[in-house]
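Report on one structure; see the data block that follows.
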Amino acid sequence: MNHIHEHLKLVPVDKIDLHETFEPLRLEKTKSSIEADDFIRHPILVTAMQHGRYMVIDGVHRYTSLKALGCKKVPVQEIHETQYSISTWQHKVPFGVWWETLQQEHRLPWTTETRQEAPFITMCHGDTEQYLYTKDLGEAHFQVWEKVVASYSGCCSVERIAQGTYPCLSQQDVLMKYQPLSYKEIEAVVHKGETVPAGVTRFNISGRCLNLQVPLALLKQDDDVEQLRNWKQFLADKFANMRCYTEKVYLVEQ
């Protein structure tokens, strides 16, 4: 377990970039929970980028909450490319006016035609599937993606469903499916100072550290030297009680 020690770090909040936007309601819930606990339970998962910067691949709402709570640095676990794969979340959304609006948007060339190329966006309602293809959208496909997700995420409850699973849908449900981006595509978006829609990209990560419970007081310290000393002692105390499970486990989240 020695390698985990090297990958747990304290990183200044201004050295971290986000690849996706946050969901306001979820952010408030996460922030309130962290504030009530007075600690951050799980470290934020990041990948290293150029010039000493990091990109969050899991923990956008935790990072944004810590920043809002006045933390100078945040606890991260650096994840390497061999530890993750990228997929997407499907969105199960209640049928509503947003669907009608998307149907009538002339800049969205919906089609029921199936092609050799995978559709960029798939919208399922009843027995009908409609598609948007990257080739038809051209360079505007990222803007279209943002527009489609924004059409329902601000007004409806969204249930995230793992890619490749087939939920039971009623006539009152719409299932939105999205094609995953590659890491290089996501990194390119971040380098331009942009983000992808919230709650769509999913990093499937192995070897994550859970239940570290880093106190907010440690993260808010102004003295960098003292903070680093306290961080090292904190990790030493935690590692004395750390276990690594190699077998499959089932965790019930509270």
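Glycine too: its Cβ is placed from the backbone N, Cα and C atoms.
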Starting from the ADP binding annotation in Swiss-Prot that includes Asp58, Gly59, His61, Arg62, which of Ser33, Ser87 is the extra site residue? Ser33
Recorded positions Glu20, Trp98, Arg229 vs Gly59 (ADP binding site), shortest C-alpha separation belongs to Glu20
